[in-house]
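Visitor: Quick one: this structure, given as structure tokens, is what I'll be asking you about.
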């Protein structure tokens, strides 16, 4: 299959036909080419500190025995308790990594193979759908802001001149071509990384929440997996879980009606950073009368317009930016990013008392798979599905589930991932925070839980967008074990919140 045909194939899987192809595009938005090639694995500039890089080079130079070198390298990278995750500098950080949950997928770190004495025996993947158009509500706000700008007779700011010929042509909520490609590539990477787990009798078991963009992301993933195996293994989407009101669904955030949203926190931050931008754009477009809330909509349009019309993604560095991106500085996009961080933290994350409970059902399903025991849960699980070995098997080596960002966040929180020393301040961002939506739930973002056998003992590792999680809450041998490696027994014990049904929080979801 050629690269060009592959693009067409993915468009058939996951895009809509209502885009006006004759749109006059700004030259900064036009993608450079549709002739792309797939890398065998995601690549990314290492985020480890330079000292550790020098140690690795020195190790490679001195050690002549391959096995010893591998073991020591793993230890240097993973066992040091002083390891620091460094974000790229402002100069190096691409703009599209500042779009919070609207960022295209990118590996946060380079994937770390298991220690030499360990063998991966099971993999559990949960992945967000690929890049999409704005939802209905967001689209209405965007169109309102663009219409105000286009109603102006004369622009005082030359950067706004492109609006004279700009045509808004985005669909609503559906998967876009680049989003289909993201999921296809994820399927390819999954086969390349875990092919040793696959056989004709044991192919991936795939589930999806019953949303069009989620289902298409799942089928794009299975297509990529099949393609990477040269069509030797052809997984299918086996289960879709209803998103209807009242339906139990561990892959959708729809089972907590008493939950309050994040508007107070996000609105507080917009009121801090947006006014100077509102003033500047209104001066550049006299009579537009933009509001602070519409500034957020225009910033988001930079992301949506880009992913809808670009053939590339963060991994390949081929993102052709929308002309709307040029209306704002990098510092202003960092402020925009924080809106997304606050939204995820206070909507279904740690900042919401009823956030983590919404991830409990999935965590209990994960524990059932890891331990090969029936699901024990009284929260969001659908027991009609989970009690049936045809719809919830316990004998597979690779599971892939497809979901939404607002459901993956509470799963992280229920597990205990990404804890913050202090709650996110709605009016003062902490530049050293580890809670960044772009690194947690970008488009096609994913969590991978590996089960390993190390010296005849079962262990667990968790990756989020290829970043190995420290799992300090469960490390049974904290002083000696490599970072991120936890015995299965200790991991199960660490999940007391989920195993106890959320300690009564699920009942609070219905205190209306």
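Here, residue 1 is simply the first one shown, and the rest follow in order.
Glycine is no exception: its Cβ is also placed from the backbone N, Cα and C atoms.
Note that TrEMBL annotation is computational and uncurated.
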Visitor: Pick from 32-54, 55-77, 78-100: which range has transmembrane segment per TrEMBL?
Guide: 55-77
Visitor: Examine the ranges 1-35, 106-140 and name the one recorded by TrEMBL as region 'Disordered'.
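Guide: Per TrEMBL, the stretch marked region 'Disordered' is 1-35.
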Visitor: Taking the Cα of residue 405 (active site, proton donor) as the centre, which of the recorded positions listed as 129, 256, 325, 509 lie within 10 Å of it?
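Guide: Among 129, 256, 325, 509, the ones whose Cα sits within 10 Å of that of residue 405 (active site, proton donor) are 129.
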Visitor: Given the disulfide-bonded residues 302, 325, which one has the fewest other C-beta atoms within 10 angstroms of its C-beta?
Guide: 325
Visitor: Here are the disulfide-bonded residues: 454, 474, 486. Which has the lowest count of other Cβ atoms within 10 Å?
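Guide: Counting other Cβ atoms within 10 Å of each of the disulfide-bonded residues 454, 474, 486 gives the minimum at 454.
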Visitor: Between the recorded positions 118, 129, 509, which lies closest to residue 474 (disulfide bond), Cα to Cα?
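Guide: Comparing Cα positions, the closest of these recorded positions turns out to be 118.
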Visitor: Looking at the recorded positions 118, 129, 256, 509, whose Cα is closest in space to that of residue 302 (disulfide bond)?
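Guide: Nearest candidate: 129.
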Visitor: Work through the recorded positions one by one (129, 256, 509) and name whichever has its CA nearest to the CA of residue 454 (disulfide bond).
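Guide: If we rank 129, 256, 509 by Cα distance to residue 454 (disulfide bond), first place goes to 129.
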Visitor: Among 118, 129, 325, 486, these being the recorded positions, pick the one whose CA is nearest to that of residue 509 (disulfide bond).
Guide: 129
Visitor: To see if you understand the setup: which same-chain residues, six or more apart in sequence, place their Cβ under 8 Å from that of residue 256 (disulfide bond)?
Guide: 354, 357, 358, 506, 509
